[in-house]
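Step one of this worksheet: look at the structure below.
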């Protein structure tokens with residue numbers, strides 16, 4: 001067999017011409033240590049703060065520490081099979097999560113992946129988990145209410161759209177119950193809800209999702225979950241992911257409500273990450289930037305003006321204000337509100353609802369302490385009728401608490417003091433409310449009107465609950481148009497006052513409670 005040199009050279013030329021060289025430049029490094037979800041990488045010279053790092057097995061880590069000759073990163077997801085010597089590379093991207101209306105009614109994890117078994121998400125794109133909060137000029141003052149459906153909250157500690165109102169209290173005082181009822185009450189208000197569960201048991205979250213579904217509120221809600229069994233990195237990032245999903249609605253001229261349950265567990269997860277990254281510990285072993293951890297999150301809850309919305313949507317949405325209202329939850333230890341994280345969040349937010357163990361155990365639920373609970377901006381957002389009728393409630397309770405303390409030592413009390421004590425007891429009883437039973441503005445207004453105008457004076461303390469139930473059943477049956485008018489307008493004038501007085505007079509005559 002004879003070899004033809006010409007043919008061979010032609011064949012080689014063809015093969016060389018067909019050879020496709022695609023060069024890809026990437027910044028590659030090597031894992032030098034793995035410990036509790038934190039990896040140290042050598043060789044990523046151009047890595048940026050907060051950049052996603054691609055790991056073997058289609059996983060990612062986020063770069064948090066940029067040091068002279070190494071990078072400290074937290075792994076998002078399982079890390080047991082990661083080992084020294086493995087190759088990793090920079091992606092040039094920061095963490096993004098899916099956003100859009102298709103997420104409503106779904107349960108997702110921190111990275112936006114569905115975990116409810118209902119198939120893939122129908123999303124409108126991706127949004128960065130870290131975003132700069134709107135500036136002062138882009139904001140609008142808070143002047144529209146968010147009704148929680150709780151008499152004690154909507155009357156004394158009103159919440160406005162775009163406000164940050166802290167729910168604070170010891171464990172088992174009804175913090176989550178208050179937040180879940182606030183979500184249930186938004187079924188027909190048009191406010192979209194995001195519930196972020198951080199460091200909770202999967203069984204607890206499953207129960208919350210079931211309750212939302214039972215009460216028809218899940219279709220209006222996105223549930224973001226980072227359970228206690230998940231890595232500290234996912235628990236730390238969950239609130240930012242939920243906030244990005246809420247900002248989608250805010251920036252398009254809609255209203256959204258986000259609940260962080262709870263930020264104490266997020267701070268603990270961040271402390272764990274920081275200590276593993278060898279950052280210097282400060283008070284209570286928290287890192288120095290734990291204030292910034294919460295402030296950069298909560299400042300993103302805001303009411304933005306129409307110009308901001310128009311600029312963001314490139315003119316598609318005009319004349320609409322958007323808002324993101326935040327209800328962060330903080331768990332205290334033995335009622336200590338002066339601990340590090342509680343004081344930080346109190347100073348960041350626009351008020352707090354303080355839930356007390358003693359009140360809860362005494363059967364006063366919601367266990368709101370009106371003495372140290374406050375809403376700094378919500379008063380401007382209250383409806384006219386609620387503002388008018390709720391003024392005397394806080395005063396009556398404050399006087400009652402003061403007199404109750406003195407009456408323990410005094411044996412003979414004058415009639416005026418006895419009346420005040422009796423009125424205070426009845427108002428306290430009236431503000432009690434069952435879980436999953438939010439009340440409309442009209443129902444609350446009627447009940448507050450009865451307390452304000454002395455209609456409870458001759459009702460026995462033990463009958464206050466049945467008096468309220470019978471009164472609400474009576475108006476729903478015979479005076480539904482007036483209730484609808486109050487719910488729609490929230491107005492208060494002499495005519496409405498006269499009608500409310502007439503309803504209560506005719507109801508008292510029936511003695512049906």
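From the backbone N, Cα and C atoms, a Cβ is placed for every residue, glycine too.
According to Swiss-Prot, the protein has these features:
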{"type": "BINDING", "residues": "169, 170, 171, 172, 173, 174, 175, 176", "note": "ATP binding site"}
{"type": "SITE", "residues": "373", "note": "site 'Required for activity'"}
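When the binding-site residues 169, 174 are compared by the number of other C-beta atoms lying within 10 angstroms of their own C-beta, 174 comes out lowest.
In this structure the alpha carbons, written CA, of residue 169 (ATP binding site) and residue 373 (site 'Required for activity') are 11 Å apart. Residues near residue 172 (ATP binding site) in space but far in sequence (CB under 8 A, at least 6 apart, same chain), listed by position: 357, 360. If you take the Cα of residue 171 (ATP binding site) and the Cα of residue 373 (site 'Required for activity'), they are about 17 angstrom apart, rounded to a whole number. DSSP assigns residue 169 (ATP binding site) to a strand.
Secondary structure from DSSP puts residue 175 (ATP binding site) in a helix.
Taking every protein chain shown into account, 173, 373 are the recorded positions, and of these the Cβ with the most other Cβ atoms within 10 Å belongs to 173. Listed in sequence order, the residues of the same chain lying 6 or more apart from residue 170 (ATP binding site) and placing their CB within less than 8 Å of its CB are 331, 332, 333, 334, 335, 355, 357. Distance between Cα atoms for residue 175 (ATP binding site) and residue 373 (site 'Required for activity'): 14 Å, as a whole number. Under the DSSP three-state reduction, residue 373 (site 'Required for activity') is assigned to coil, being neither helix nor strand. Neighbour counts of Cβ atoms within 10 Å were compared across the binding-site residues 171, 175; the minimum falls on 171.
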